[in-house]
Structure formats: C-alpha cells, structure tokens
Amino acid sequence: MEKTPVIVIVGPTAVGKTKTGIELAKAFNGEIVSGDSVQVYRGMDIGSAKVTVEEAEGIPHHLIDICDPDEPMSVAKFQQLARAAIDDIYARGKLPILVGGTGLYIRSILYDYEFTERPVDEALRSKLEQEAEQQGAAVLHERLRSLDPRRAELIHPNNVRRVIRALEVALQGDVQAMDSAPSEHYAYKLFVLHADRDVLYERINERVDVMLASGLIEEVERLLESGYGDTQAMRAIGYKEVVPYVEGRMSEERMRETLKQHTRQFAKRQLTWFRHQFDGIWVDMGRKSFELSYKNIYDEVEGFFRKFRLFERDID
C-alpha cells in the first residue's frame, strides 16, 4: 500500500515555522497539522504563539484548541489524533503539512511506534513527556539512572521514548516496551528550520516582549482564575515563568528576563533534539531574507509534489 505523502516543518521557537507552513499550504493546496504540545490547549494562546486568524490567511489548522488545560495529552493520544487529521486531509485531495517544534510528538506521528493497550497513567506519561521536551533528554536519563542503573546502561540518552517507557516501569510498574527501531509510517519530506544563535536569540527576545505587550500576563491570570494553576500544561515555558509575577513573588523585570532565558535554552534543546532525531533538509532562516529561504523549501516541495503526482489528483 502506498504511503501518504506529508510535508514536515520543524525547528526551534521563533524561527519562522508558522509562516513557512502557511505559505506552503497556499502554494500546494495544503492544510496544517500542528505538532505542538501546548497549542492543543484552549485558552493558552499567546504563550504558545498560537496562529491567529489573520496569520492563518484562511488555511485550516488542525490539533489546535482541542482540549482544556486540565486534560492530559499523551504522545499516544496525539499520535492517534494527528494521523486521523493527516489521513482526512489527504483523502480530501489536500496536501498534509505537519508543522511544529515538539519533536517527540512529531516523531511518533512519522514512525510506526506501537503503544501498549495496557492501561497507563496518562498524567505520569504526559508529565514525563513534557519534562523531556523542556528539560532535555539528559535530565530524564539521569533520573532513570538513579532509579534503574542497569536499564539506563542499555538505553541511549537520546532515545527519549525508551527512556520515558523505562521510567514508567520504574515509577509505576511494568509497561510494554515500544519498538526501538520503527519503520516510517508516512512518505515524508522533512525540513529543519534554523538560524544562527545570535539571530535566533534576538528573535526570541523580541517575541517575548511582543507576547507580554499582547496580554500574556492577563492570559495567565485567566488560567489561574479558572483553576488550572496546578496542571501540567501550566508548567510549559511561557506560562510557568509568569505565574510567580502574577502571584506577587517576582518583579516584572526579572520575570521578563527569566522568560527570555528559558525560551532561549529551550530553543537550544530543540535544535539538539532535531539534530539527533531527524534526518531532514536544514534550511537557514537567518542569513537570507524569508523569501530566499522559502524559495529553497518551495523548490524541494515542488519536486516532492511531482514525484507523487499530486498535481494529477482531484481536489476540492
């Protein structure tokens, strides 16, 4: 059976993934599937840099605003929802474009990972997955080493999925292992967007300033007033840094600088993840204008488009 073709755009925060995905969708009759672990939550808009109606330019976006912040979202559940969206998009004659920065979620979609049907602690899994995303693979592997040194020796620190499953075993009991060398689920073309550190960090600092000016503090206040303060979702970068300020435990200046610092560190970890986990085309989004960088991506996608004869498919 022929695999469904998918375009994948990954990269660190503030590198230009959203705009790139939308331009490709406009050019190739596509729809966007979000690969972001925070944008799934309703009410968490500014801190997650969720696409606005104006930015979307009429391009449909999937897996955004699909649950409340107190509902756990595991990789297994996200995989199921994302694949359903991708298959539906392609069945309607459109090109699925997967865009996001949550590497663990995106990898689970692209490869044939099989999750156990045995009941698991969704809250624990979601917590570990978010820790992996925000703190890095090495932190979780060290935690596993402290709990089960023998198993830690058998698992490479960069194999985050296996580290998480091993931690589940250590923390709550037996969980069926997931295939460590899965096959590709889709015929995909993957682009890793990146920029020089100085350029990326400047964009991140500017984005944080814009977020705060656009109402991020008020957004966090609403979430706290709604009773979501103790949820795993509120531990995401962009939210956990603002809470101490809202609660009067931190100055605005310190909160702003902490948020910038944590976001820069997160972007660095994202790039490290992509470097180890994905074999794709790296595109520099910093040295050239967006138009020149996008042209390189467009040419590659056009070749991919023709390879699968997508121009010949009936479209709505």
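Here the Cβ of each residue, glycine as well, is placed from N, Cα and C on the backbone.
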According to TrEMBL, which listed range is region 'Interaction with substrate tRNA': 36-39, 140-143, 224-227?
36-39
Quick check: with T13, A14, V15, G16, K17, T18 left out, which same-chain residues have Cβ atoms within 8 Å of the centroid of the substrate site Cβ atoms?
G11, P12, K19, A49, G101, L193, R203, M285
Are any of P12, A14, T18, R125 (the recorded positions) within 10 Å of T102 (site 'Interaction with substrate tRNA') when you go C-alpha to C-alpha, and if so which?
P12
Check the region 'Interaction with substrate tRNA' (36-39) for me and report the mean pLDDT.
96
Which residues of the same chain, at least 6 positions away in sequence, have a Cβ lying under 8 Å from the Cβ of P12 (ATP binding site)?
G101, L193, H194, L200, F266, A267, K268, Q270, L271
